[in-house]
Amino acid sequence: MARYELVKRSVALITLTNPPVNALSSPVRHAIAKSMERALSDPKVTAVVICGENGRFCGGADIREFAGPLRGPPLIPVLDAIEAGRKPVVAAIEGVALGGGFELALVCHYRIAHSKARLGLPEVTLGILPAAGGSQRLPRLIGIPAALELITTGRHISAQEALKLGIVDQVTDQNACEMAVEFALKSVGKPLSSRRVSMLTTPCPPDLDALLEAATMQVKKKARGVMAPLACIQAVRAAATMPFSKGMKRESELMTTLFNSGQAQAFQYCFFAQRTAGKWTLPSGAQWNNSKPREIRSAAVIGLGTMGRGIVVSLARVGISVIAVESEKKLLENGRQMVIGMLERDAKRRGVSASLNLLNFTLSLQDLKDVDLVIEAVFEDMALKKRVFQELSKVCRPTTLLCTNTSGLDVDALAGVTNRPHLVAGMHFFSPAHVMKLLEVVCGPRSSSETIATAMSLGKKMGKVSVAVGNCPGFVGNRMLKPYLDQATFLLEEGATPEQIDKALEDFGFAMGVFRMSDLAGLDVGWRVRKESGLTGPDVDSKNPPRRRQGHRYCPIPDMVCEQGRFGQKTGRGWYMYDKPGDTNAKPDPLIQNLLETYRSRYGIQPRNISDQEIIERCLFVLANEGFRILEDGMAARPEDIDVIYLFGYAFPRHRGGPMFYVSMVGLERVLERLEYYHQAHPDVPHLEPSALLKKLVACGSPPVQKWREYIKTMHSHL
Ligand SMILES: CCCCCCCCCCCCCC(=O)CC(=O)SCCNC(=O)CCNC(=O)[C@H](O)C(C)(C)COP(=O)(O)OP(=O)(O)OC[C@H]1O[C@@H](n2cnc3c(N)ncnc32)[C@H](O)[C@@H]1OP(=O)(O)O
Ligand SMILES: NC(=O)C1=CN([C@@H]2O[C@H](COP(=O)(O)OP(=O)(O)OC[C@H]3O[C@@H](n4cnc5c(N)ncnc54)[C@H](O)[C@@H]3O)[C@@H](O)[C@H]2O)C=CC1
């Protein structure tokens with residue numbers, strides 16, 4: 001877990017050896033403590049260098065250990081002993097120094113970093129704070145404003161920035177370990193007291209209170225209801241106002257509170273869920289570690305509308321040459337200008353040059369003969385998409401992968417019109433496609449393992465979090481969204497207002513409630529889908545009983561809003577009103593209140609007071625209930641995949657862990673009981689009926705979410 005060697009006759013070289021990231025597990029902490037004791041007591045040793053094996057200094061605490069009781073030596077005394085030692089200790093930072101790894105570097109007397117190294121205190125992203133002295137030492141080393149920013153955001157910084165801030169003493173392009181040994185030899189005999197960061201006085205700005213207040217306002221606005229950044233600010237205040245030992249006590253108290261809050265568990269669950277999601281499997285036994293992806297050098301995107309443009313940008317910025325196709329000259333020119341503008345802005349932001357030379361624009365599918373992969377993003381119209389796929393099948397070479405960005409149509413039906421159904425899959429991006437991190441990779445029953453491996457790997461290359469899902473209407477994310485949206489509108493019928501529902505969801509942690517979000521996305525999109533699926537329209541409305549469609553309860557209020565030309569922010573009116581089209585500042589609209597009152601009185605609905613608790617339960621329990629059905633149907637492999645989809649595609653608050661983790665924390669028994677209650681009250685809403693899997697899990701004693709997979713015995717697994 002750590003190797004000890006004597007180099008240059010007098011330098012003890014301690015190498016952390018815990019792949020893949022040299023995390024500070026219990027055996028590693030033990031090995032560091034023992035190695036330091038040995039180095040400090042050996043008269044031959046005049047200096048010490050600490051480094052990590054395989055070019056990675058240290059990725060911090062072993063996060064898996066947070067789930068159990070502390071074993072082995074605690075980290076703080078191990079670190080204190082390094083700092084207090086009478087021989088100079090140099091950290092040789094290659095790869096990463098994160099969290100506890102950064103704190104380990106901070107107790108060393110000198111820090112040498114490789115130019116490609118990245119440093120940071122990402123604890124806040126795990127729902128905790130740097131509690132091995134990081135919150136107390138960093139402000140002493142670099143001052144309050146810089147430390148506050150790094151600790152409250154968890155941002156990773158480059159070696160160059162670390163040098164500028166005074167965190168590292170030297171940056172090198174050569175072997176950092178060898179440089180550190182040379183450096184250590186030169187530092188022998190120099191006084192160490194000024195190198196012990198805990199002994200420094202925190203440089204305290206005169207406007208400390210105002211600074212901390214501004215930081216508090218900022219994190220409250222950015223991360224509603226999240227405790228960790230606020231605790232980080234309090235810890236930094238302690239570093240500014242207390243002696244080191246008292247500050248350490250405060251740091252530990254704050255850590256204990258966070259550890260016991262439930263939020264830390266949610267964040268840590270998210271960390272592992274994100275990594276688990278990449279580990280896809282297919283019923284054939286093919287999976288992530290036994291299937292080889294193809295290399296994609298060239299691609300084509302068909303349709304340069306909202307989605308196509310972002311997809312072109314996502315591909316081009318990772319060096320893939322793209323042919324973009326439109327149906328008309330004017331649309332092609334418009335799309336071209338939009339894509340170039342987006343790529344230029346993106347490149348400027350990242351400080352690189354825009355890869356415009358990778359782009360080609362055309363009106364003819366004939367130009368796609370030689371591309372490795374195609375992503376179709378034309379209108380959501382099955383007949384049109386089938387025509388495009390038939391044409392592609394004729395034009396593209398037989399090995400070209402054909403993917404669709406459909407948000408919910410049958411991918412296998414598209415595969416069926418081609419001469420290569422095994423090379424067809426869904427690549428479902430989220431809007432805006434060059435910004436949103438989620439990619440649902442839709443595995444049709446005939447998609448080959450190579451096709452899925454390639455789509456997943458291309459997603460990763462584009463910086464997306466890719467999740468493999470089965471082929472069912474709406475796939476995973478949009479399939480779950482429908483019952484959630486339905487509940488929100490049913491609550492409007494029953495007496496709630498858009499503002500009240502949004503506030504309840506925003507207090508829960510969503511950055512935007514469902515109605516504000518719908519105004520941003522555009523209400524016409526859903527309206528078109530409802531019209532196309534026969535749920536609304538003059539013909540349908542006149543032939544169906546009011547407030548019922550296809551045998552179930554139906555709320556026509558969203559259609560009525562659209563009929564008034566209220567499509568959301570873009571028209572300056574939607575569920576809210578805006579000063580002008582395109583404005584983002586949503587204000588309650590008396591016309592919507594009127595519409596709701598008239599509607600209720602027309603149907604004889606007596607409005608009632610609806611509590612925030614009911615809003616949260618009905619919207620979110622029904623969301624998770626559909627998630628259980630998706631697991632039963634085998635359309636998602638595990639609850640973690642559903643949570644990742646909601647975290648990255650629908651901005652579910654991370655401190656709640658995702659819909660499935662959230663209900664597991666509420667308690668499955670309680671969720672079942674409330675769904676039964678609401679279903680009894682609304683028997684014409686089938687989505688409220690508790691799913692068989694939820695009932696089964698409760699009957700089996702409500703196991704933790706990580707164990708649900710053992711209980712999901714699907715008849716027809718699609719993944
Ligand atoms: C009642 C309680 C009271 C409490 C009292 C208070 C006293 C407490 C005192 C001391 C506490 C000390 C706490 C501490 O030290 C805090 C920390 O250090 S928290 C950890 C901070 N570090 C991080 O957040 C880094 C996380 N990792 C990453 O960001 C990336 O993995 C990294 C950039 C390092 C590498 O990225 P990449 O190459 O893309 O690889 P992967 O991300 O895919 O990871 C590969 C593999 O490794 C696993 N892994 C990564 N980091 C860790 C880790 N820190 N611990 C465990 N495992 C880790 C990752 O899961 C992957 O494995 P899979 O099997 O694929 O999942
Ligand atoms: N808008 C969204 O938020 C999301 C949409 N999607 C899906 O992405 C696809 C595209 O959606 P949007 O970009 O929103 O639609 P859009 O209407 O903005 O763009 C579609 C584009 O396709 C072009 N097009 C139509 N037929 C064509 C043809 N034969 N050849 C070349 N170009 C053609 C149109 O001219 C138009 O520019 C749909 O399947 C949609 O369901 C998926 C995720 C999110």
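Cβ atoms here come from the backbone N, Cα and C positions, even for glycine.
Annotation comment: TrEMBL describes 299-471 as domain '3-hydroxyacyl-CoA dehydrogenase NAD binding'. TrEMBL lists 474-578, 615-702 with the feature domain '3-hydroxyacyl-CoA dehydrogenase C-terminal'.
Across the domain '3-hydroxyacyl-CoA dehydrogenase C-terminal' (474-578), DSSP helix (H, G, I), strand (E, B) and coil residues number 63 helix, 7 strand, 35 coil. Taken through DSSP, the domain '3-hydroxyacyl-CoA dehydrogenase C-terminal' (615-702) splits into 65 helix, 0 strand, 23 coil. Looking only at the domain '3-hydroxyacyl-CoA dehydrogenase C-terminal' (615-702), the predicted model's pLDDT averages out at 97.
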